[in-house]
Amino acid sequence: MTAADLLAVVMVIGLTAYALTGGADFGGGVWDLLARGRDAADQRRLVSAALGPVWEANHVWLIFVIVMMFSGFPAAFGIVGSTLEIPLICALAGIVLRGAAYVYRAYGAGAAGPDHWWGHVFAISSAITPVALGVCGAALATGDVTEGDALAPVTSAFGIVCGVFTLAVTAFLAAVYLCRDAASSPETEHLVPGFRRRALGGAVVSGLLAAALLPLLWSEAPVVAERFAERSVPFVVISALGGIASLVALWQHRFTAARITAGAAVAGVLWGWAAAQYPDLVVGRATVDSAAAPEANIVAMLIAVACGLVVLIPSLWMLFRLFANPEVKS
Amino acid sequence: MVHAAEVLSHVAALAQAADPPQASSVSTNLARAQTAFSLAFHICFAVFGVGMPWLLLFVEGRWVRTRDPVWLALTRKWSRAFAVMFAVGAVSGTALSFEFGLLWPAFMARYGGVLGLSFTLEGFAFFAEAIFIGMYLYGWKRLSARAHWLTLWPIAIAGTFSTLFIITANAWMNTPGHVTEVDGKVVSAEPFAPFLAATAPHQLIHMLLAALMCTGGIVAGVYAVGMLRGRRDAYHQRGLRVGLAVLLVCAPLQLIVGDWAARVVGNEQPIKLAAMEGLGHTRTHAPLTIGGIYDEQTGEVRHGIEVPDLLSLMQGLSADHEITGLTAVPPEERPNAVLVHSAFNVMVGLGMALIALSLVTGVVVLRRRRRGERPLLPTGRPWLWAAAASGPASMLAMLAGWEVTEGGRQPWIVYGRMRVDEAVTSSSGMPAIFTGTILLYLGLATALILILRRMATGGPELAATVGETSTTPDIPDARPAPASPDTPARVRGDGDGGDGPGTSAPTTPRTDPSSSEGDAR
Ligand code: HDD
Ligand code: HEM
Ligand code: HEM
């Protein structure tokens, strides 16, 4: 395994962390958008309380992945930057609006327009970003990127289904996480059934979309599909088992277990894709080898990552422990 | 004033001359404008991410030690403003890292690896900052007062380190070394290349001081305005004092570092120095020209004040020291000296004005102390006006400084190695992207200003309440039992986002941190 390979693995780990933390935050926005019924306001409050202390930290995983990409595989970043403009800009607009709207709602006290407007901005932009990121992922797999045709990634059926799938997955994760958050305090217990229903629904929708993706993968991204069949079966099995186990755990109200199994289901998908993608970064355009920065720089980055994690992991652990149970103001 | 119209038309003509209309130049100019705009937007918030934690360490530290509620009130107010500005800084920073790829794909493709270590380490610094900010902002009730204060240390240190790392990247773009290229491809790069850049030490220290000055100045300015409106309580006086002290201590240091910077620039980027000083022709006995407009036709500065020999003296300690002029390089390799010289004048002029304020204040404070007068800081209206202006002045100086550094490097994106027009995207969508970005940012900035203005007017009632509460405000020291995280205090809610995410708080819109402390008892 070369240093560049190792860096690619680190990137996939970062991406997994982003999906499991930041992804769920986006999903939270989706449920904010879809909050319905008598206790819609309570639902929104729970979403907001669960996000509060961690959203800044969660979204740094994305920066981490981007930085790895442009420092470790600069040539690939150049290609991505000049061909995936439209989805990247949508993702970016979503991230900017979402972060700003969240704090404006939390701290604005109505000074810059009613809080619920910002709530809607937050919710809508939360839904845009995962779709856009899913579209980007699909384009890397199909290699369907040309400098002249900015619209190609967003008009491909595979890309669109991938985007919707990503959205469904984040919503599923968020609902699972919220079940546990709601169950942890008597004040929010009444929200459990609603989120449980959403989590079950999210699992089913994600599963169906995954099934729809497979044939598209074969027709649109044959290179990746072939490697998928060769290498990714173990990950697919993990993902499927995780999905089924989540359904069972949710059914039995075992929400902590459901968090773990849901995480495994999502991570399985990501790793399955990553394994099939290797060694291509952008299929047909850039591989791990061809796009890599000089070896010495990658080694330096890997050392920096190792040192950084020594600081980071205990800090993250403290953060999540401190806020294990969100506080909800009624 | 006399020649305003003439000057304006002159500037316009020069600006046109500087940008010959080529096919790709529209895209390049828009990409440049967008980069400059988003960087300027970002940096205006980033400086608070760097400076505010250090100020908070001081005020909250005072509270932990003295349990004086005025210090707590300052801490609470500042931490809320900090929360909003940090978030905007974070999202605009994320936008920057996307934009590098979107706007400058060729630059990233070629040099991304060189800057890798800087950006990776910076990523970790951000991460640490974001984690501890989560604990700080939402941990009021879950951490002991002391532990809460302690979380500020990693925030402050990480913010300072993120400046270190990002500045090394920028410094390398100014003075790129330790990298070998063959046919436009980097074949080997020392991992520490950015850290070894000749401009890194002064850029870093200059920027850190600038961040502290901007934070101090804006804080002082907010309280000075409050006092001008007649709110002269302990809360406002202390806020003013802390902000102003930081600003006025850093201002003279900034001159020393700036002088050092100019000397390094003279050695490493002589054309940038020439643009800063508006020096057209290489010569000895070079004068220092203050003010005025550089004239590209004659290579002279018009309407400026010339101090004979001074530039040569400052750069080489001798009037015979030769200074390179702009005409030493062909026209297409010269930066826009009109802009750079003006920006340099703005920065140095404002810096000098702040130093003057700092000296005068220092003298007055010393005299008052000798005579035993209180308060030490003068609080007459002219003083307050000066304090109020010091924040915007620092911000403007900081932005002008960036224009000098970045504009003076033109037309290079990486000095001597890659030109801006080689680095730019070929996208045809630039006009749309640019318009969208500007609209988005302007919208966000407007909303933010409205929110901060509302926050800033929360002071007087707060100070009044605080004055009456003589006992320690109750912030429970222990984490509540997990089973019942809600204490009555929290159920009541204080609409203070600092204690948790503010949902559309049904309490008073004018949030007032101290009132909840009152409620809770
Ligand atoms: C003064 C030093 C300084 C400078 C020159 C820059 N930044 Fe910055 N940046 C900060 C100081 C900072 C900070 C104080 O550390 C911020 C502000 C708020 C925050 O989240 O951290 C930050 C945030 C921030 C973030 C978000 C981090 C997070 O989510 O917490 C990113 C991705 C960047 N920046 C990227 C950049 C890039 C690509 C720059 C180069 C042009 C840049 N910054 C210039
Ligand atoms: C690591 C840090 C930085 C990097 C990598 C960087 C990169 C760039 C790039 C790619 C451009 C566009 C090309 C050009 O016009 O030269 C640029 C221009 C510019 N940047 Fe920087 N920059 C950095 C820091 C900053 C910061 C923090 C500011 C502060 C506001 C800033 C202010 C500007 C300005 C004003 C321009 C436009 C200059 C002009 O065209 O006249 N830069 N920079
Ligand atoms: C008082 C006299 C000052 C002098 C002689 C001075 C000198 C300089 C010089 C020569 C540069 C260019 C450095 C380079 O390109 O490598 C610079 C950049 C800069 N200046 Fe100043 N400066 C002064 C005051 C200030 C003040 C008051 C501020 C802000 C509060 C400020 C903020 C900046 C910034 C942000 C930069 C660009 C980034 C950097 O180099 O760190 N300067 N200054």
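Residue positions begin at 1 at the first shown residue.
Glycine residues also receive a Cβ, built from the backbone N, Cα and C atoms like all the rest.
Remember, TrEMBL labels are computer predictions, not curated facts.
TrEMBL annotations:
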| type | residues | note |
| --- | --- | --- |
| TRANSMEM | A:6-35 | transmembrane segment |
| TRANSMEM | A:60-80 | transmembrane segment |
| TRANSMEM | A:117-142 | transmembrane segment |
| TRANSMEM | A:154-178 | transmembrane segment |
| TRANSMEM | A:199-218 | transmembrane segment |
| TRANSMEM | A:233-251 | transmembrane segment |
| TRANSMEM | A:258-278 | transmembrane segment |
| TRANSMEM | A:298-320 | transmembrane segment |
Beyond the flanks of the transmembrane segment (A:199-218) by 6 or more, those residues with Cβ under 8 Å of it: 141, 157-158, 161-162, 164-165, 168-169, 171-173, 175-176, 178-179, 224-225, 228, 239, 243, 246-247, 250-251, 258, 262, 269
Interface present between the transmembrane segment (A:298-320) and the transmembrane segment (A:117-142) (three or more C-beta pairs under 8 A): no
The transmembrane segment (A:6-35) in contact with the transmembrane segment (A:258-278), cutoff 8 A, at least 3 CB pairs, sep 6+: yes
Outside the transmembrane segment (A:60-80), six or more residues from its ends: residues with CB under 8 Å to it: 4, 7-8, 10-11, 14-15, 17-18, 21-22, 88, 95, 136, 140, 145, 281-282, 285-286, 288, 290-293, 297-298, 301
Contacting positions for the transmembrane segment (A:154-178) when only residues 6+ beyond its ends and CB under 8 Å are counted: 19-20, 23-28, 30-31, 46-47, 50, 86-87, 127, 130-135, 137-139, 142, 144, 191, 195-196, 198-199, 201-203, 205-206, 209-210, 212-213, 216-217, 219-221, 246, 250, 255, 258-259, 262-263, 266, 269
